Every structure is written in structure tokens, then in C-alpha cells.
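According to Swiss-Prot:
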type	residues	note
ACT_SITE	Cys269	active site
BINDING	Arg76, Tyr216, Gly217, Gly218, Ser267, Asn381, Ser382, Arg383	substrate binding site
BINDING	Lys225, His245, Asp292	Mn(2+) binding site
BINDING	Ala268, Cys269, Gly270, Lys271, Thr272, Asn273, Arg383, Arg414, Phe508, Ser509, Asp510, Asn511	GTP binding site
Amino acid sequence: MTSVWSEAIQHKDLKQWIQEVAELVTPKDIRICNGSDSEYVEIYGLMQQSGVAIPLNRDVHPNCFLVRSSPEDVARVEQFTFICTKEQKDAGPTNNWRDPEEMRQELHGLFRGCMRGRTLYVVPFCMGPLNSPFSLIGVEITDSPYVVCSMKIMTRMGEEVLKALGTSGSFHKCLHSVGVPLAPGEKDLAWPCNPQHMRIVHFQDDSSVMSFGSGYGGNALLGKKCVALRLASYIARSQGWLAEHMLIIGVTNPEGQKKYFAASFPSACGKTNLAMLKPKIPGWKVECVGDDIAWIRPGPDGRLYAVNPEFGFFGVAPGTSATTNPNALATCTSNSIFTNVALTPDGDVWWEGLTSQPPEGLIDWQGKPWKPGGAPAAHPNSRFTTPVQQCPVLDPQWNSPEGVPIEAMIFGGRRSETIPLVYEALSWQHGVTIGASMSSATTAASVGEQGKLRHDPFAMLPFCGYNMAHYFDHWLSFASNTSLKLPKIYGVNWFRKDKNGNFIWPGFSDNLRVLEWIFRRTNGEESIAKKTPIGYLPEESALNLEGLNLSTQALQDLLSVDVPGWLKEVANVREYCKIFGSDLPQAITDELFRIENELKIIK
């Protein structure tokens, strides 16, 4: 089996690893992926022949296809996601911990013979611009052609990565299988998966990933959450940088001044919408560097610089429309993969929110005729996978090896009460406390109950690869480096509701009005803010509200300090932080006491 494929691999350790894996999983053949367009077309063709991929109408969506997953494999599975470290305390209370050696033994049992009857694909990939100091190279071994096609879109993948790796470069070993071996002559499932034995496992001792049983996005595209966040956050701590669940945008004002912001929101809370925002206010421009992950390093001038390590967008489809995100729709017009959306009779895609009325004759995400009034036609976590270069508002510096300088960091969540529209941290320590205090109503991006409020510090709860309290400490440590020019930190909340349960703020493109205030604050405008215990809030006259029909009461709700609500908030955060015990940094404890004491004074 070795002689045919090994000619493409010059790296001795990589060649040896592929051979070891092949002996364990016993595939029918091995293919080294070169990342070419012709390879993509060929593998997509194989998926089409087997019934996995449904080609879409070429007049509407050229070179696009639809894939339907198993109903048992539709989202991230946090309960089956593990961090393996030598000591349990290094994983911390927010991660599922397992002993690395015990877990390796268990996984070797699961992987033994698991690719029988399937092709083993070797997918070399790079997270971050090639030959950038930011970048990490990985190699994913998988038996899923869907993963190969998705990795072609989501990462820099193939021959150019092998060339950059050379004969001795370091790489992250990422092993994936759907976990369904095939007997000779056995017909394959449309979406093979093994939900009873799902495992997504991160080994921090050798910076590797093993994923078994799921073919869904974040569980199977191992460059994304697994390498770019769970492994990278662990590496970043030891090397003095940050790997964050953040979008990156460039914002230009009417005078031509440009600033870059990074913003952190839990999954399905509007990151992609903000990253591709189409301003209503004349003269302003927002350009997208990335919509999901940011790697942030101190630059030679003391500023923090960020890159988007990804090469594509993996966006939530429901709710995306010409009104909410026209740029996202334009991005995924061609060369894209749609997963678990509905299909129209003329070969187009549809999902809830795309149009006000569903077209007739829809086939739902499970391949069944759909009738209005029942279950959604598209799964709530249905996705589009699309190349970043197709984004009409892509920032010119999106692929810069040095990254872009960040002047503001923004933290937000889905909160119906208490949290104001926007507020600025009083200090870096306070800003870290804002990030650590984040909570949000849960969404369909992960398996579990939706709409329940859960704490999600820095929107990293599912993605931090080590003890979250140590992660807070790492953030705080940046303030002790006096050579750094740290960005200002902000909290935002687009999701406040009135007493009737209606959203107060229009959101979407109108969020630029908040970005405009942040922009002015980073320019040092003092008079547009008032100091409060929770941070600097906008003066009501400082927000550009032209064209909005906001009542005085609505504006007051958005921009005032709800003292009883905030006292409850502080108590709630303090109670949550008990899970970290003595590992919780004293600075966060002190900041919570400061906020509480100052609130009691104005009460």
C-alpha cells in the first residue's frame, strides 16, 4: 500500500504517521490530496454518484451542491468533546477531561479497522496565511469526501502546504473517521456516522486531535474549532498570544480614517452578520477580515495584530437574507456547499428567513416533502460553506502575513435584559472581567436545550483548550507588559427586549451606529461618554439615531444602568466563578467587588 502514495510525501515523520494510521484503520486505498480544483470536482463527482451530494441549479448556484446529514449528526457535540492533559486541573472545570493514555487506548479500539472499504484521504492544511509567523500547519487523515471538499474551502489545503512543511517541519496530527466500516459489497449510507461512539478528542501533550463518529462541521473539519481554537489557545498561552472566537473587521469613516475591530459573540449570535455589515449611514465602510476566529499577537510597535486563520466561511443559514446579510448571500452564490437546508423544485436552496414566504413544493432538510406549519424546512443549524475570497466586502489586508492592528475588542451575547446596548471598559482588568462575565441564550449551533441562559466566558466555553481560570489570567497578563498599546474593550448587546418581548434595537446594519460611537471613542472623544460603575456609556445625544424611530423610553432602556439588574448580574457571575475555586484570578474578584460597591452607592 505504501509505494503508490508515498512518492508524494517527502516528510519522513508524516510518511511514518500515515503508514501507522493505515495499518490501524485498514482502508481500501490511500489518496494524498493536492488541493487542486480538478481534485475537488472529481471528489464532488464521487459524492454525487453515491447520492451524498445533490447538485444545485447551475444558473442560480454554479458549482454548488447540497448535502443532508443524518438527523443524529447536526451540530457540535460538547458532551463528547474532550481535552486530555496529564493533570485534570490543567483542563479545568469547563472542559470534559480524560487521561491521555486511557483515551488513546479507547480511541485505538474504535479506530481499529474503521476505514475498511473506504478511501483514506490525507489532507495537508494551513491555518493562517502560508509562511506567516501566525500560521500552524496540520494534516488531517479522514475517510469523508465531504470533509475533503469542505477543507478545500475552509483552509489553505494541498500541495502548497506540503511544500511549506518541507521535509522536517512541525505539523498537527488530526485523525478523523465517520466510524462506519464497509464490508465487501455493502451499500454505504448517504451520511455515515456513528452517534453511539462519537468522540472529539484533543491531546495537548503532542498537540493532536482524534475525532470519531461524526461528519458534521466543527466535529470533522479539524482545522476549525479543534486546531484553530482548542489546540491554538493552549499553544498561545505558552507563546504569549491569543487564539479567540472573534470576527475581525475594518471600519472606515467618511473622512477615510480606518480602524480594525475584533468582536466576540457565541455561535449564532450574529458574528457573520456583523463581519459583513452593509452600512446604512452614508460615507461609512465595513470590510471583512474574518467572521469566526482571530489569532492575535503583539506586533513590533506594541499594538496587537490579528489574522483570520481560516480560508472560508461556515455560516449559519437560517435568518440570512437580503435584508439581514446581503453580502453573505452574495458570497455563497457559487462554489459553495450547503448542508441541511431545504431544496426548491427548480434546484435552488431555501431556509427560514431567506424570504418572507416559503416557495411551494419544498423538500426539507431530511429529503421529505415539506408542508408549512410543521417543523422547519431547513435545520436550525443548517450551514453554507463558502470561499472567503468571494466576499464582496473582503478587506484588502485579509491575507496579510503580519495581520491587522486591533484598536477595539468587543464582547457580546444574546441578553434580553440588564445589559446595555454598548459600554466601554474602565480598564484592561475591567475589560477582561466583561469577557469573563459573558452569558448568552443558547442557540442551535450545539446540541442541547435552546433559549436557556448559560455562561460563556469570552464566547470560548466550548473552545478553550485548557483551564478557563488560567485563560483569564493569560488575558490579564497583557496589562503587565508596559510596552504594549492595548485596545479598548467594549460590551455590546443587540438583543434587549421591551416589556412586550419585542427587540428594542433594530440590529443588523444599524449596528454600525454603535461601531461609530466605538470608533469615536478610540479617537479619544471624551464628551460622548459618561462614566458609570459598569463602564463608560454613550451620552444619549452621542449616538447617531437619524432615521430610527426609537422612543425616549427605548433609548433609556438601552443606555442606562439597571442597578437592581446589575446587582443580580454581579451576584450571578460571582456564583458562576465559584467553579474555578482558588484558580480564579484575584483581579476578577476585585473588579466584581468594585462594580457591586459602586452600584450600591448610586442605588
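The backbone N, Cα and C atoms fix where each Cβ goes, and this holds for glycine too.
Swiss-Prot feature annotations superimposed on the structure.
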residue : record                 : DSSP (3 states)
Arg76   : substrate binding site : strand
Tyr216  : substrate binding site : coil
Lys225  : Mn(2+) binding site    : helix
His245  : Mn(2+) binding site    : coil
Thr272  : GTP binding site       : helix
Asp292  : Mn(2+) binding site    : coil
Asn381  : substrate binding site : coil
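The subset of binding-site residues (Arg76, Gly217, Asn381, Ser382, Arg383) lying with their Cα within 10 Å of the Cα of Asp292 (Mn(2+) binding site) is empty, i.e. none. Spatial neighbours are here defined as Cα atoms within 10 angstroms of one another, and by that definition the neighbours of Gly218 (substrate binding site) among the binding-site residues Lys225, Gly270, Thr272, Phe508, Asp510 are Lys225. Most other Cβ atoms within 10 A: among the binding-site residues Asp292, Asp510, that distinction falls to Asp292. Nearest in space to Phe508 (GTP binding site), taking C-alpha to C-alpha distance over the recorded positions His245, Cys269, Ser382, Arg383, is Cys269. Gly217 (substrate binding site) has none of the recorded positions His245, Cys269, Asp510 nearby, counting only those with a Cα within 10 angstroms of its own Cα. For Gly217 (substrate binding site), the number of other Cβ atoms no farther than 10 Å from its own Cβ, over all displayed protein chains, is 24. Listed binding-site residues: Arg76, Lys225, Arg383; maximum Cβ neighbour count within 10 Å falls on Arg383. Here the Cα atom of Asn381 (substrate binding site) is found 16 Å from that of Lys225 (Mn(2+) binding site).
Neighbour density around each Cβ, counted as other Cβ atoms within 10 Å, peaks among the binding-site residues Asn381, Ser382 at Ser382. Of all the binding-site residues in the list Tyr216, His245, Ser267, the shortest Cα-Cα distance to Asp510 (GTP binding site) is found for Ser267. Across the structure, Thr272 (GTP binding site) and Arg76 (substrate binding site) are spaced 18 Å apart at their Cα atoms. DSSP assigns Ser267 (substrate binding site) to coil in the three-state reduction, outside any helix or strand. Binding of substrate is attributed in the record to Arg76, Tyr216, Gly217, Gly218, Ser267, Asn381, Ser382, Arg383, and the widest Cα separation among these residues amounts to 15 Å. For Thr272 (GTP binding site), other Cβ atoms within 10 Å of its Cβ number 26. In this structure, the C-alpha atom of Gly270 (GTP binding site) lies 21 angstrom from that of Tyr216 (substrate binding site).
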